[in-house]
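For reference, TrEMBL has these:
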type	residues	note
ACT_SITE	LYS19	active site
ACT_SITE	ASP144	active site
BINDING	PRO102, MET103, GLY104, GLY105, GLY106, LEU107, GLY108, GLY109, GLY110, SER111, SER112	ATP binding site
DOMAIN	74-151	domain 'GHMP kinase N-terminal'
DOMAIN	212-261	domain 'GHMP kinase C-terminal'
Amino acid sequence: MPTSTLIPSSTLTLPSPGKLNRMLHIVGRRQDGYHELQTIFQFIDLCDQLHFSPRHDGVIELTNAITGVAHDDNLIVRAARLLQQASGTRLGTSISIDKNLPMGGGLGGGSSNAATVLMGLNHLWKLGLTKAELARLGLTLGADVPVFVHGHSAWAEGVGEKLTSVTLDTPWFVVIHPSVSVATPAIFQDPELTRDSHPITMARALQGGASEWRNDCEATVKKRYPPIAVALDWLAQYAPSRLTGTGACLFAAFDSQQAAQTTVAGLMHQQKHQHWQAWVARGLNASPLQDALGC
Ligand SMILES: C[C@@](CO)(OP(=O)(O)O)[C@H](O)COP(=O)(O)OP(=O)(O)OC[C@H]1O[C@@H](n2ccc(N)nc2=O)[C@H](O)[C@@H]1O
Ligand SMILES: Nc1ncnc2c1ncn2[C@@H]1O[C@H](COP(=O)(O)OP(=O)(O)O)[C@@H](O)[C@H]1O
């Protein structure tokens, strides 16, 4: 690429955090097959990093591929093109990514990447779209994109787009990926999935507290993916364990960083679980993306 197509001195690096579903209830199914959820989203400080270099020539390119995702299917490229079209800007961008979040793991990495692109390019291209406008665009890319645009821990309803900010405890989490891949559509299509939980109010959900929280996908995911059941049981020896989204990642909350690190160190010594990935991550109420953009 000739360097003259880049706009000088305007490169930007932004974080793209993961999320946990601290609880997730499925309260119904819409005509279009999508499920109505009640969930509490919280960000974690485990992040991908996206690097943006705006361009004069209108080209949108991801300069380092993500294995298994075609360039034009990548949510990074799709989000950038969507915003370019919606705003009518003639600017483009080169983007590269440092990928740290496991793909398809229930941490929302793809959705978070899309939200970071929408927020980052809105800033770099000086478009002036509101968060509500960006969230509406983002929802067409995935049900989890709006919460990453919203940028605060949230109680969510609908398919996850009706958001109310909440303030949660910010424990240290152990997050485990038991190295299996969960197909989200297959979980939502399973006839045995619990999809008739009684709707509750946000106040009730928050009063119940972490010990009352559950994920309605857990039974179906455990049945279909026995290694996830093994990992949930392993982690439950140390603290109550729960699935995030439709998995494959699961997590437990600890009072201190050291207690979480000791648990992960114990896991690393176990030969039979050495194929699992594990992280210690801090729960956050404000997304690091909002902090980086100063909004
Ligand atoms: C269930 C959640 C909770 O956070 O889990 P994870 O995907 O993060 O595990 C998300 O809402 C998922 O969001 P996202 O991964 O963006 O889902 P989408 O791409 O929109 O949908 C993937 C497929 O899952 C099903 N789906 C998804 C969301 C929903 N509320 N009802 C559904 O039935 C649909 O079959 C859809 O085709
Ligand atoms: N930039 C991206 N990062 C991760 N996954 C992506 C990206 N673009 C497209 N995808 C696709 O989206 C799927 C869901 O990814 P992800 O959001 O990480 O998982 P989940 O929805 O389970 O939290 C991936 O399996 C992948 O095929």
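Glycine is treated like the rest: Cβ placed from N, Cα and C.
Bear in mind that TrEMBL entries carry predicted annotations, made automatically and left uncurated.
This view paints the features noted in TrEMBL onto the structure.
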| residue | record | contacts (Cβ under 8 Å, 6+ apart) |
| --- | --- | --- |
| LYS19 | active site | PHE41, GLN42, PHE43, ILE44, LEU107, GLY108, SER112, ASP144, VAL147, PHE148, THR244 |
| PRO102 | ATP binding site | GLY109, HIS177, ALA248, CYS249, GLN277 |
| GLY104 | ATP binding site | SER181, VAL182, THR184, ALA248 |
| GLY106 | ATP binding site | ASN21, VAL182, LEU243, THR244, GLY245, THR246, GLY247, ALA248, CYS249 |
| GLY110 | ATP binding site | LEU75, MET103, GLY142 |
Inset, instruction - Specify all same-chain residues, apart from the site residues PRO102, MET103, GLY104, GLY105, GLY106, LEU107, GLY108, GLY109, GLY110, SER111, SER112, whose Cβ lies within 8 angstroms of the center of the Cβ atoms of the ATP site, ordered by sequence. - result: GLY18, LEU101
Inset, instruction - Express the predicted model's confidence over the domain 'GHMP kinase C-terminal' (212-261) as a mean pLDDT, rounded to an integer. - result: 97
Inset, instruction - Please check each of the recorded positions LYS19, PRO102, GLY108, GLY110 and report the ones with a CB atom less than 6 Å from an atom of ligand 1, ordered along the sequence. - result: GLY108
Inset, instruction - Taking helix as H, G and I and strand as E and B in DSSP, count the residues of the domain 'GHMP kinase C-terminal' (212-261) in helix, strand and coil. - result: 24 helix, 9 strand, 17 coil
Legend entry - Three-class DSSP secondary structure - LYS19 (active site): strand
Inset, instruction - Note down the number of other Cβ atoms within 10 Å of the Cβ of GLY108 (ATP binding site), including every protein chain shown. - result: 28
Legend entry - DSSP three-state assignment (helix, strand or coil) for SER112 (ATP binding site): helix
Legend entry - Surrounding CB atoms that lie within 10 Å of the CB of SER112 (ATP binding site), all protein chains: 29
Inset, instruction - Provide the number of Cβ atoms within 10 Å of the Cβ of ASP144 (active site), excluding the reference atom itself. - result: 27
Inset, instruction - Determine the recorded positions, out of LYS19, PRO102, GLY104, GLY106, lying near ligand 2 in the sense that the CB is under 6 Å from one of its atoms, and give them in sequence order. - result: GLY104, GLY106
